[in-house]
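Below is one structure, written out as structure tokens; comments come after it.
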Amino acid sequence: MAFLLYYTLFISFMLWLAALLIISFSVYGSPEKVKLIKKTSLFFSFFQFILIIFFWILSDNISVLAEFDIYNFQFYKQWLFLYNFHYVIGMDNISLLFLLLTFFLTPICILISWNSIKYRYNSFIICLIFITFILFNIFCVLDLVFFYIFFESILIPMFILIGVWGSRQRKIHAVYQLFFYTLLGSLLMLLGILVIYSHIQTTDIRVLYNTNFSFYRQLILWASFFFAFCVKVPLFPFHIWLPEAHVEAPTVGSVILAGVLLKLGTYGLLRFVIPIFCDATYFFLPLVYTLCLLGIIYTCCSTIRQVDLKKVIAYASVSHMSFVILGLFTSNIQGIGGSVFLMLSHGIVSSGLFFCIGCVYDRYKTRILRYYSGLVSTMPIFSLCLFILILSNISFPGTSSFIGEFLILLGLFENNHFAALIATFSIILTAVYSIWLYNRIIFNRLVVNYYLRFSDFSKKEFVVGFIFCFITILFGLKGSYIISLIEAPLYVYLSFK
């Protein structure tokens with residue numbers, strides 16, 4: 001067990017070492033050394049991914065610490081002590097899966113940016129490494145104060161990533177929307193943390209799980225945390241910043257934003273709001289269902305009207321994340337397990353869709369839907385990759401999203417038949433805009449010979465596209481293993497009801 005503790009510290013150390021190496025290249029290197037920086041960053045990111053997989057294999061059969069068994073965390077380590085604030089890291093299988101998603105997307109982002117980031121590549125890699133490090137801490141830290149610090153710190157590198165390497169003139173407007181929407185929302189969580197500290201003199205999550213707050217205090221704390229996390233998800237009607245941020249972000253920024261950052265809000269709901277404020281969760285359940293169902297229907301209808309390819313996927317992401325929140329608040333193992341699975345699936349599928357859109361944008365320099373048609377005749381491999389990802393986006397059986405949405409609907413039917421009926425109807429709307437989008441850009445008659453000037457996937461793009469499609473199908477066929485991993489910690493959360 002001690003080996004696992006030091007192993008985790010080693011992962012954290014490797015992240016910082018990678019960042020320092022990249023910084024040294026940036027300071028002392030010349031523009032001719034950009035290729036060396038690319039190879040070095042790719043090596044470190046891939047090495048970190050191998051490390052976390054190795055840790056996953058090692059920890060699979062290791063028992064939990066006895067004094068920490070009720071939380072089903074596999075380990076914890078206290079580093080810093082400041083008043084009653086502890087920098088404590090810990091991990092259960094849910095944290096581990098989100099870390100796997102983070103470390104999986106990091107080398108993918110470097111491959112995507114290999115030719116698409118044309119300037120200041122050194123600074124871009126520094127930004128990406130620090131995003132990875134902050135995400136590592138968000139998924140592992142066990143103190144609310146430090147969670148809040150890292151939760152807000154992620155805005156800084158994302159602000160730089162979109163503001164510097166964004167694609168159009170409105171990128172500054174987009175990053176200000178991203179920054180201020182999420183910052184103002186998180187101030188509510190800060191107020192909630194202050195209320196908690198004034199009440200029990202600690203913000204340690206392990207203590208909070210055993211603390212019984214009064215009902216009225218729970219209502220206040222639930223509202224402060226819920227709306228802070230819903231802005232980050234984002235849930236309707238707090239979603240205004242997301243389509244603009246996606247449109248202006250580079251492909252890598254969209255992959256990170258859709259793949260991991262949108263999961264921070266739902267992760268916070270699962271880790272803090274639902275198990276700690278149980279009574280308030282039941283009290284506000286009608287409000288949550290109403291917001292989620294309105295968001296699903298509204299975003300599905302809005303998606304059909306969009307003309308920008310990135311906005312289509314952005315609104316689809318809002319719809320899927322509303323589905324996730326529906327599952328989290330079913331308070332049964334099927335719904336919550338389906339939500340966790342759908343979060344992981346959405347991280348893969350939406351990242352793959354934004355990658356495909358980035359590929360055609362790099363060639364044709366436009367994302368307007370009406371300029372695309374008949375791409376199957378010039379980009380057949382791209383068309384096949386997009387087809388697999390579109391199938392997963394509509395939750396086709398055999399793909400990853402099907403398992404998550406099916407479990408969510410199964411759990412929702414146990415609680416509210418009407419909500420489950422509306423959520424099921426939204427799947428039809430998702431299929432409508434997804435299939436129409438694919439048919440419009442892939443199978444329509446080729447009317448512009450300009451498209452014939454460009455080739456299909458390059459070798460690097462083929463590797464990235466193949467990985468996305470392979471993981472999507474693998475999750476769809478072998479999803480039972482992922483479900484078995486998260487069952488134990490989910491039963492622990494349900495025990496707090």
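From the backbone N, Cα and C atoms, a Cβ is placed for every residue, glycine too.
These features come from Swiss-Prot:
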TRANSMEM  42-62  transmembrane segment
TRANSMEM  94-114  transmembrane segment
TRANSMEM  122-142  transmembrane segment
TRANSMEM  144-164  transmembrane segment
TRANSMEM  178-198  transmembrane segment
TRANSMEM  220-240  transmembrane segment
TRANSMEM  250-270  transmembrane segment
TRANSMEM  276-296  transmembrane segment
TRANSMEM  313-333  transmembrane segment
TRANSMEM  340-360  transmembrane segment
TRANSMEM  374-394  transmembrane segment
TRANSMEM  463-483  transmembrane segment
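At the 8 Å Cβ cutoff, the transmembrane segment (178-198) and the transmembrane segment (122-142) share fewer than 3 close pairs (sequence separation 6 or more) and do not count as touching. Remote same-chain partners of the transmembrane segment (220-240), defined as residues 6 or more beyond its termini with a Cβ less than 8 Å from a stretch Cβ, comprise 151, 177, 181-182, 184-189, 191-192, 195-196, 213, 261-262, 264-266, 268-269, 272-273, 276-277, 280-281, 283-284, 288, 291-292, 294-295, 298-299, 318, 321-322, 324-325. As a quick check, the transmembrane segment (94-114) and the transmembrane segment (250-270) clear the bar of 3 or more Cβ pairs under 8 A, pairs 6 or more apart, so the two touch.
A Cβ distance under 8 Å defines the sequence-distant neighbours of the transmembrane segment (374-394), meaning residues of its chain 6+ beyond its ends; these are 316, 345, 349-350, 352-353, 356, 359-360, 400-402, 427, 430-431, 434-435, 437-438, 441-447, 451-452, 454-457, 462, 465-466, 468-469, 472-473, 476. For the transmembrane segment (250-270), the partner stretch with the highest count of Cβ pairs under 8 angstroms, out of 276-296, 340-360, 463-483, is 340-360. By number of Cβ pairs under 8 Å, the transmembrane segment (276-296) is matched best by 313-333 from the list 122-142, 313-333, 340-360.
A Cβ distance under 8 Å defines the sequence-distant neighbours of the transmembrane segment (313-333), meaning residues of its chain 6+ beyond its ends; these are 230, 233-236, 239, 242-243, 246-247, 258, 262, 265-266, 269-270, 274, 281-282, 285, 288-289, 291-293, 295-296, 299-300, 302-303, 306, 339, 342-343, 346, 350, 353-354, 357, 393, 401, 404-405, 407-408, 411-412, 414-415, 419, 423, 426, 430, 433-434, 487, 490-491, 494, 497.
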